[in-house]
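As recorded in Swiss-Prot:
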BINDING   GLY15, ALA16, GLY17, HIS18, ALA19, GLY20, VAL127, SER182, GLN371  FAD binding site
REGION    203-227  region 'Disordered'
COMPBIAS  215-227  compositional bias 'Basic and acidic residues'
BINDING   274-288  NAD(+) binding site
Amino acid sequence: MQTYDAGTFDVIVVGAGHAGVEAGLASGRMGAKTLMLTINLDMVAFMPCNPSVGGPAKGVVVREIDALGGEMGRNTDKTYIQMRMLNTGKGPAVRALRAQADKWDYQHEMKHTIEKEENITLRQGLVDHLVIEDGVCKGVITNSGAIYYAKTVVITTGTFSRGEIIVGELRYSSGPNNQQPSVKLSEHLEELGFELRRFKTGTPPRVKSSTIDYSKTEEQPGDDHPRAFSFDTVDMMLDQLPCWLTYTNETTHEIIQANLHRSPMFTATKKGTGARYCPSIEDKIVRFSDKPRHQIFLEPEGKNTEEVYVQGLSTSLPEEVQREMLRTIPGLENVEMMRVGYAIEYDAVMPDQLWPSLETKLVEGLFTAGQINGTSGYEEAAGQGLMAGINAARKVFDKEPIILGRDQAYIGVLIDDLVTKGTEEPYRLLTSRAEYRLLLRHDNADLRLTEIGHEIGLISDERYERFLAKQSAIEAEKERLQKTRIKPTAEVQAMLKEIGSGELKDGILAADLLRRPEITYDKIAQIVSRETFITDEIAEQVEIQVKYEGYIQKSNLQVEKMKRMEDKKIPENIDYDAISGLATEALEKLKKIEPLSIAQASRISGVNPADISILLVYIEQGKIAKISK
């Protein structure tokens, strides 16, 4: 193939899925001349699986992306067909927003957003090779021979990386949704010395809405007063579409059991490791054989399509078996299957080959983000893409990378887990993975991250001024409640009695009364009137910060303790072989991961407290080993 010089850029982003679009937008908006290359321009920000955004932990990630200046939250607010706040009956640490998106509107709106950015060039092209000079990535080469040069490159190829679709006995090379896969780039990464592993994910069949008997299902409406993902969104759409709940049954399970020998999950044809937290229906009936039924949610894929996503029925059984089992489910007895469910296997770069900036250790100037790093989910991909784009642009401008701490963001937890622990299966973000989840809430993402977003140039001055005003209003109202004393008047006592709260014996500070579990900020506002208007967002923040003050303080003390460990940096030139006393496994892991701090070293699987003590003594005594020649 004859090659030709096709142009020079600051940053090149390979792929335009959920990681790629955030990487490209971040880089371009920070002032870097950015090229985005994608196999198919019609697939920008496409949702090949569930047409939804958010959920536990993931919804908080979308808020964090928005607080830093990313696009996923704004785009979802423009294109949702249903919005629900989950876990409203639980504490604020686990509340999360989830949207059903119009998958077609979502991708078209995102593509239009990218096309409007003056620093971004969006082109169709299949990247086969990287341009590497002296261990530094200098650009990419496409299958048409075009050579694009750049100072940094971000790979976000997702499940296209040597993708293979599997349906029963049928197996063929393909990206998601029967798109062209990226084969040669995977081969090239292996040639460069990267360790790749085969992972697997799956998707359920899509069925025709007009052939569903919804009277046999349970309606799942959106919230009456939907909330936004983006801190910029003002007006919310009230015209929402419902989802519908139904269940599998013993007949469904019998059909699946009878055909397990034809499922790639249980035959030698499956090579990739699947996602633990997104099991196929075959996997569910085997692992949970005692359950007589499993939930199935029928989710519309958009306003202008008949296609309905059958959530909970991810499968790679043969096509005729899928049709048969669908028709055993209440409401789907006469359903028409429009698209068959399938499994897809793909290559993932083992993420312990990355620095916390998402730059690869093997090749300078090369970043990876999204499912290629071993994660599952649009939100996890978008969060990584944003950080990779930010750090790729900052490297161009000779600035230090932005690395979010585990106490700052779920995105920080995600990336730290990946680069420190690696992953043996597709990684899904869960609230249980965050040790400081009371600090990493849906409601306070802007308070945690807007400062950083503004500092790096992704949050406008106008939005930053609004943020500062909100911050001031929260503090002013908290201070007012700390100073305002409520007297035990007849009116107050009657209100307390009505809601089952103990009567007052003496006067009480408004803040102390608010700490009672049954007392809301609205109740306090009825007793203690205020002169200035307080938005619902500010009221919510005041209530949470006052009510959970003790728990938040405890978490902050834990963070301070952890930060002292983060501040103990491990010198770049350390020779672990020169440290006597380290366990063999710890020595191997420390040499492979190359942690930046004692705190990161302590989180590596196989490195125990005794190893950390030895490492600390070695560093503190100044015994920094010789630099390898």
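Residue 1 is the first one shown; counting continues down the chain.
Cβ coordinates are placed from backbone N, Cα and C, and glycine is handled just like the others.
As the structure is a computational prediction, the values presented were derived from the model and not from experiment.
A map of Swiss-Prot features onto the structure.
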residue	record	DSSP class
GLY15	FAD binding site	coil
VAL127	FAD binding site	strand
GLY274	NAD(+) binding site	coil
LYS284	NAD(+) binding site	helix
Fill in the blank from the handout: For PHE288 (NAD(+) binding site) and GLY17 (FAD binding site), the CA-to-CA distance in whole Å is 34
Completion exercise
Given the binding-site residues SER280, GLN371, the candidate whose Cβ has the fewest other Cβ atoms within 10 Å is SER280
Practice task
Determine how many residues of the compositional bias 'Basic and acidic residues' (215-227) DSSP places in helix, in strand and in coil.
Solution key: 2 helix, 3 strand, 8 coil
Fill in the blank from the handout: The correct three-state DSSP answer for GLN371 (FAD binding site) is helix
Handout entry: Neighbouring binding-site residues, C-alpha within 10 angstroms of ALA19 (FAD binding site) - of ARG276, CYS278, SER280, GLU282, LYS284, VAL286
Key = none
Fill in the blank from the handout: With the fewest other Cβ atoms within 10 Å, the residue among the binding-site residues ARG276, LYS284 is ARG276
Exercise for the section: Compute the C-alpha separation of GLY274 (NAD(+) binding site) from GLN371 (FAD binding site), stating it in Å without decimals. Expected result: 13
Fill in the blank from the handout: Residues near VAL127 (FAD binding site) by Cβ (under 8 Å) yet at least 6 apart in sequence within the same chain, in sequence order, are VAL14, LEU37, VAL140, ILE141, THR142, ASN143, SER182, LEU185
Fill in the blank from the handout: For ARG276 (NAD(+) binding site) and GLN371 (FAD binding site), the CA-to-CA distance in whole Å is 15
Practice task
Name the one residue among GLY15, GLY17, GLN371 whose Cα is closest in three-dimensional space to that of CYS278 (NAD(+) binding site); these are the binding-site residues.
Solution key: GLN371
